[in-house]
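Visitor: Here it is, the structure in full.
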Amino acid sequence: MIKLFNTLSKRIEVFKPIDDVVKIYCCGVTVYDLCHLGHARSYIAWDVLRRFLIYSDFKVKYVQNFTDIDDKILKRAKEESISMKEVSEKNIIEFHKDMDSLGIMRPDSMPRATNHICNICDLITILEDKGYAYSRDGDVYYSVFKNQNYGKLSNQNIEEQNINQQGRMANEENSKKLNPQDFALWKKAKDDEPFFDSPWGKGRPGWHIECSAMVKDELGDTIDIHLGGSDLIFPHHENEIAQSEAANGKKLANYWLHNGMVNVNGQKMSKSLKNFKTIRELINSGISPMTLRYFVMTVNYRKPLDFTEEALRSASEAWKNINVALSFMDLTKGSLNSIDKNEPIEEEYKEKISFELSQKKLKFSEALGNDLNTASAIAIIYDLAKPLKNFLNQFQRVEGFKIDQNEKFFLLENFKTLEKLTEVLGLKKEVLVKESKITEEEISTLINERLKAKKEKNYAKADEIRSLLKEKGIELIDQSKEITTWIRV
C-alpha cells in the first residue's frame, strides 16, 4: 500500500490509480539558466516516487515539460545577443547533464511549450466559448470570478484578494483586466519579441496555460499525480486547475504532491543573499553526485531542506560507507561471488537469512509507501551495508582471511538486497577514493594558506594547495571569498 500527502485534500491518502498505467505530470524548468539545488531537491524526490512505483509493479508514464518561452528566456537572449531558441537549446543540454549526473531517470516524454502552440490556442478558444476567458486588444485573460472553485488547492480567498488589490490597476496590463486576479492566457507580442500567430493576433502563451495544454495532449483530461515545488501551489497550479477543469469539465489530477524549499544555513536560498547554489557548482566544488542525492533524501520531501556544512559532511560520510558496501564484489576481487557446492549450506540457516532479508525489504517498502519516507528507507540501506563493510575491514586487513559457507551466503544475499534497494533510491556505486590520513588541523592550516594566497592573487599557489588536498581525498568548497569548507571523499 502506498500513501501520499495530497495537497488538494490536505491529508495523507491511499494511492489508487485510475487504470493500469499511472499517469504523472511534473512541472519542468524554465530553460534560461543552470539548474540549482532546489531543482535537485524536487527532481530527486519525484525520481524516487517514480522508481518506487515501478518497484511496486506499477506501470508509469512520466511526463515533464520544458518552458521554452518566457520573460526570463527573452531577457537572457537579449543579454547574450542570441535567439530565444538558442538560449533554450543550450540550457536543455545542460539540464540533461545535471539530471544524468544525479542518476535521475529521463521522463518518458519532455514536451516543449513552443511545440504545443496549436493545442494552447485550442484550449483558450474553448475557455472563451464557455465564458471563462475574454480578450482585450490582443491579450486574453482568464476570468477568475467565473470559477466558483477557484482557490481550492491553495485555500486562496479571491474576494479578500480583490479587496486587497483594489487600486493596483495602474499598469497597462492590469488596466485591461476585469479584475486584478485575472491572469493571462495569451499575451500580445511587443515589437522586439518573438511571436506566434493566433486567433487574437501575434503573441505568445501565458505560463499557466502551457502546462494545461501539455497535460491534456500528453496524458488526457485527468491524470493520477501532478508534481511540483511548494512555490508552484499558487498561482501556477491553482491556475492550471482553473483552466483545465473549466475547459474539460473533469478533474485535472487526483493527487497533488509538492516538495519543500531549500534553505542555506537557515536562510532561504536566493541570488540576492549570495547563497545561491547551482548543481554544477556543487559538483565542481568536489561534492560527488551521489553524496548530493543522498543528502537530499535524508529529509522528507515535504519539509524544508537546510543545506549546511555539517549536514553535507554527515551525508558524505554516510554515503561513503554505503558506497564501500556497494563495491563489495570489486573489493573482494570476485573471491566470494559463488557458493562452494561441495560444502552445502544449512537449509535452516538459508531460510533464516532469507526471512530476515525479506523483512527488511518489506520495511523498506513500508517506509517509502508512507509518503516517501526516504530517511527511514536509508536507515534500512545503512543496516544492509554495515555487515558488508565490517567484513571488508577484516578481509583487507588479514591476509588469507577465510569464512564458512553460511557467512558467505549471508554476505552475498545481503549484497544482492543492498544493490536492489539502492537502485530504488537511485543511488549508484561511485569510484572509491583512498581514505586520507591528513588531520583536521593540517587541513585548516592548508585552507588558511590558500585563502592568504588568493588574497595576494597568487592563484597558482591556491590551485596547488587545492590539488594537494584533493590528492589526499579532501575536496574544498568555496562558500564565499573568505569562507572555505571541506569534505572527505
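Even glycines carry a Cβ here, placed using N, Cα and C.
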Visitor: If you check Swiss-Prot, which stretch out of 29-39, 205-215, 370-380 is marked motif ''HIGH' region'?
Guide: 29-39
Visitor: With Swiss-Prot as the source, identify the stretch among 68-72, 268-272, 413-417 annotated motif ''KMSKS' region'.
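Guide: Feature motif ''KMSKS' region' in Swiss-Prot: residues 268-272.
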Visitor: Of the candidates Cys27, Cys118, which one does Swiss-Prot list alongside Cys211, His236, Glu240 as binding Zn(2+)?
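Guide: For Zn(2+), Swiss-Prot names Cys211, His236, Glu240; of Cys27, Cys118, the listed one is Cys27.
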Visitor: List the same-chain residues at least 6 positions away in sequence whose Cβ sits under 8 Å from the Cβ of Cys211 (Zn(2+) binding site), in sequence order, or say none.
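Guide: Same-chain residues close to Cys211 (Zn(2+) binding site) (Cβ under 8 Å, separated by 6 or more) are Tyr25, Cys27, Asn65, His236, Glu240.
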Visitor: Suppose the Zn(2+) site is Cys27, Cys211, His236, Glu240. Which further residues of the same chain have a Cβ inside 8 angstroms of that site's Cβ centroid?
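Guide: The answer, listed by sequence position, is Trp207, His208, Glu210, Ser212, His226, Gly228, Leu232, His237, Asn239.
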Visitor: Over all shown protein chains, what is the count of other CB atoms within 10 A of the CB belonging to His236 (Zn(2+) binding site)?
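Guide: Excluding its own Cβ, His236 (Zn(2+) binding site) sees 18 Cβ atoms within 10 Å.
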Visitor: In the structure shown, with every protein chain counted, which of the binding-site residues Cys27, Glu240, Lys271 has the densest set of Cβ atoms within 10 angstroms of its Cβ?
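Guide: The most densely surrounded of these binding-site residues is Glu240.
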Visitor: Kindly report the helix/strand/coil residue split of the motif ''KMSKS' region' (268-272) according to DSSP, in that order.
Guide: 0 helix, 1 strand, 4 coil
Visitor: What counts of helix, strand and coil residues does DSSP assign across the motif ''HIGH' region' (29-39)?
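Guide: Each residue of the motif ''HIGH' region' (29-39) counted once, the result is 3 helix, 2 strand, 6 coil.
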